[in-house]
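One structure is given below, encoded as structure tokens.
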Protein chains: 2
Amino acid sequence: MSRTLCSALPATRTRTGSVTVEGWIHRRRQLATVTFVVIRDRSGLAQVVVTDPLVREQVSTLPEETVVRVTGTPIGSEKAPGGVEIIDPTVQPLTAPSEPPPIELWRPGLGVTLPTALDHAAITWRHPTRQAVWKIAAASMTGFRRHLDSAGFTEVTTPKIVGQSTESGANVFPLDYFGATAYLAQSPQLYKQILTGVFERVYEVGPVFRAEPHDTARHLAEYVSLDVEFGFIRDHRDVLAQLRDALAAMVDTINEKAGAAVETVGAQLPSIPEQIPIIHFREAIELVGAAPTEPDLTPEHERFLGAWAKSRFDSDFLAVEGYPAAKRPFYTHPQPSDPRWTNSFDLLFRGLELVTGGQRLHNHADYLAALAARGEDPAEYAPYLEAMRHGMPPHGGFAIGLERWVARLTEADNIRQATLFPRDLHRLRP
Amino acid sequence: MSRTLCSALPATRTRTGSVTVEGWIHRRRQLATVTFVVIRDRSGLAQVVVTDPLVREQVSTLPEETVVRVTGTPIGSEKAPGGVEIIDPTVQPLTAPSEPPPIELWRPGLGVTLPTALDHAAITWRHPTRQAVWKIAAASMTGFRRHLDSAGFTEVTTPKIVGQSTESGANVFPLDYFGATAYLAQSPQLYKQILTGVFERVYEVGPVFRAEPHDTARHLAEYVSLDVEFGFIRDHRDVLAQLRDALAAMVDTINEKAGAAVETVGAQLPSIPEQIPIIHFREAIELVGAAPTEPDLTPEHERFLGAWAKSRFDSDFLAVEGYPAAKRPFYTHPQPSDPRWTNSFDLLFRGLELVTGGQRLHNHADYLAALAARGEDPAEYAPYLEAMRHGMPPHGGFAIGLERWVARLTEADNIRQATLFPRDLHRLRP
């Protein structure tokens with residue numbers, strides 16, 4: 001008999017005959033004359049009611065997390081999930097009985113500390129509240145690609161083993177590459193720019209690596225970067241508009257594909273304004289009451305600005321444009337009217353920096369000047385500069401950190417909760 | 001004036017007034033009284049006819065690959081691409097004039113050796129025949145995800161920095177991880193199995209790393225793996241059926257999104273049979289005339305079998321199932337009727353191994369026995385074995401090497417031609 005997913009059980013009410021579900025024994029409750037078994041599959045939960053003494057005895061040997069096939073009769077029941085439960089079942093274990101798991105997955109919450117949850121990630125991700133977090137992440141990736149595919153972007157994959165560090169020598173992981181020294185890519189920045197010279201519009205969803213020596217709630221040594229770069233722009237505001245549309249598609253796709261997950265974790269999805277409000281860095285510094293010479297915003301400043309955007313524009317998002325050139329990478333395009341500032345932005349989401357983006361330099365001579373000003377050797381950037389030497393359109397782009405986005409959406413205390421198998425200063429396993 | 005893509009020019013024929021295109025100067029031909037300029041953008045080519053002496057003089061200072069905006073009048077022309085050319089143009093350089101590129105991109109072929117093409121990848125990918133190869137790759141990834149999204153799979157991202165090598169200690173890149181030794185993941189195998197215990201059905205598109213000491217036309221040190229794993233299967237033939245559907249979606253999406261690219265490179269897309277023909281390893285060895293004790297197929301054997309499948313079944317694909325246990329990883333499920341063989345397969349595509357897949361062990365005790373038989377320490381696999389200890393469904397999966405697939409489709413001599421920035425024994429740049 002073909003398998004019915006738990007979520008499809010209500011649709012079986014009008015049929016006669018039996019159904020088969022397959023999944024994990026999520027919870028057993030053995031009462032005096034009846035045993036309730038809750039089955040968990042990828043779609044949700046279903047309740048099975050066992051009264052036959054022989055089947056009850058069999059089920060008593062099958063601990064939670066045993067994988068089973070259950071065939072029985074679906075009937076309406078007000079108390080069961082979806083209004084349908086299965087009675088008169090036969091139960092077939094598909095795997096040898098499980099050992100009781102280290103975490104009681106049937107409880108509403110995990111009830112363990114973060115380190116314990118991470119140590120047992122192979123099991124804790126089975127918990128419905130954990131699964132829901134990742135389903136929001138997966139839908140975010142799908143939505144990101146949907147927008148870019150529809151906007152004429154080409155997906156690219158760039159090397160993660162690179163011969164030079166992307167932007168500076170700091171915080172890179174070196175590795176032995178057949179006797180030479182190579183590095184793990186900190187971002188696809190240089191490659192995505194090169195490829196803008198090929199396909200005009202490119203995106204990549206892939207891992208990036210930062211040898212972050214900080215043990216904080218918001219840093220990971222490896223994370224997923226949603227990268228975009230495209231040409232024939234006027235300035236960074238075209239980049240911000242594209243980012244706006246990508247975020248809108250991500251939220252729409254979360255609603256469409258992970259609506260139940262959003263409910264499970266109680267996430268408040270943002271509405272994305274048609275125009276994301278923009279404030280210049282200079283004005284932002286004034287607004288938060290910092291010294292005009294301050295070169296960057298602190299997390300406290302960002303929180304303040306987030307609250308300000310919410311009350312002033314009813315927006316969860318605020319773009320801060322014009323960051324000082326000194327705090328931006330060498331490839332950042334200056335603000336034409338005043339080169340102390342740049343055509344770049346940070347996007348704050350609920351008072352936290354979510355995205356960095358902007359316009360890049362596109363003239364070869366400007367690259368040589370920018371590298372010289374920082375005392376960097378152009379030879380280190382030879383293939384990148386070759387692209388610039390032979391005609392690059394005005395271009396720009398941005399990168400969204402997937403885990404940071406999901407952590408903020410789900411109000412996770414720690415970014416590790418939004419990562420399937422986080423990597424940090426102390427954690428290499430699982 | 002808003003931009004018109006070159007491919008959309010034919011649709012402008014019925015309009016009056018002018019159009020603006022933006023792109024690269026692909027080719028200039030300066031004749032006695034007229035200069036022809038071919039513009040290349042992400043959609044294709046457009047011809048611009050310059051007769052005004054001042055504009056001709058301007059264009060003479062703009063070498064090939066200079067990025068320009070051209071505004072002019074579209075008129076029908078039988079000789080122009082798409083049947084439309086632009087006359088009476090004004091030309092605005094968007095970037096300082098390019099230096100002439102190291103490769104004449106306007107010629108029909110690259111006309112350089114592979115090492116030269118790879119050294120200048122930043123430029124050579126701009127060639128229409130090269131772009132076409134990657135567009136087939138990008139459409140393949142889109143099609144792969146389309147099928148899996150529609151079949152209830154969850155996209156996952158697994159760590160590329162791992163605390164243990166995936167299957168054996170050979171051919172891994174070690175790296176210094178905050179003072180500890182870590183490795184680059186050779187595959188997401190162990191993680192995708194763990195996650196089958198969470199989401200039942202998972203896939204990942206991501207980089208994998210092999211410290212291949214071989215300098216051949218078919219090995220890369222880093223490549224893109226299209227990974228699938230799913231639970232509640234009967235055996236490896238369910239895996240093969242899922243693979244068949246994924247390949248069909250990939251071919252459909254190439255046709256839909258990259259039809260012009262297929263024409264450009266002259267690729268012959270395969271038709272995917274409803275049922276991929278299957279031969280048992282034992283019979284395959286007999287068919288190729290090798291000794292019955294032979295533990296593996298050679299490339300010559302695979303070519304022979306590919307030709308056999310073509311003539312016998314008119315199929316570009318042949319699945320060889322039942323590979324000897326000794327040649328398969330420890331997690332491979334034995335063939336129930338005879339454990340010398342396994343429930344695994346290789347898929348040959350036009351006589352070349354394209355995919356390895358199969359059913360995995362799912363009982364914890366079977367893992368302990370399999371590791372013991374190979375003298376491996378179960379402690380090395382603790383988080384993986386934890387998933388198995390607490391209830392795993394019968395499951396299996398496969399992995400397609402993106403570059404190998406594209407190289408075979410486009411009949412590339414060398415897999416490096418199907419990789420944006422290949423990594424091999426000698427190549428770390430660009």
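Every residue gets a Cβ built from N, Cα and C, even glycine.
If you look up TrEMBL, you'll see A:GLU167, A:ARG210, A:THR356, A:ARG360 marked as L-aspartate binding site. In this structure, A:ARG210 (L-aspartate binding site) belongs to neither helix nor strand by DSSP; it is coil. Around the Cβ of A:ARG210 (L-aspartate binding site), the number of neighbouring Cβ atoms within 10 Å comes to 19.
Residue density at A:ARG404 (ATP binding site): 22 other Cβ atoms are found within 10 A of its Cβ, drawing on all protein chains shown. Taken from TrEMBL, the feature ATP binding site covers A:ARG210, A:ALA211, A:GLU212, A:ARG218, A:HIS219, A:LEU220, A:GLU353, A:GLY401, A:LEU402, A:GLU403, A:ARG404.
Here TrEMBL flags A:144-430 as domain 'Aminoacyl-transfer RNA synthetases class-II family profile'.
Annotation source TrEMBL lists region 'Aspartate' at A:189-192. Beyond the ends of the region 'Aspartate' (A:189-192), by six or more residues, the same chain brings 156, 158-159, 166-167, 202, 204, 227-229, 329, 331, 381, 384, 397, 399 to within a C-beta distance below 8 angstroms of the stretch.
If you look up TrEMBL, you'll see A:PRO81 marked as site 'Important for tRNA non-discrimination'. Contacts of A:PRO81 (site 'Important for tRNA non-discrimination') defined by a Cβ separation under 8 A and a same-chain sequence distance of 6+ are given as A:CYS6, A:VAL38, A:GLY44, A:LEU45, A:ALA46, A:GLN47, in order along the sequence. DSSP assigns A:PRO81 (site 'Important for tRNA non-discrimination') to a helix in the three-state reduction.
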Give me the CA-CA distance between A:ARG360 (L-aspartate binding site) and A:LEU402 (ATP binding site), in Å, as a whole number.
23
Which residues does A:HIS219 (ATP binding site) neighbour through Cβ under 8 Å, counting only same-chain ones at least six apart?
A:ARG210, A:GLU212, A:ILE415, A:ASP424
When DSSP states are folded down to helix, strand and coil, where does A:GLU353 (ATP binding site) land?
strand
Cα of A:LEU402 (ATP binding site) to Cα of A:THR356 (L-aspartate binding site): how many Å, rounded?
13
For A:THR356 (L-aspartate binding site) and A:ARG404 (ATP binding site), determine the Cα separation and express it in whole Å.
12
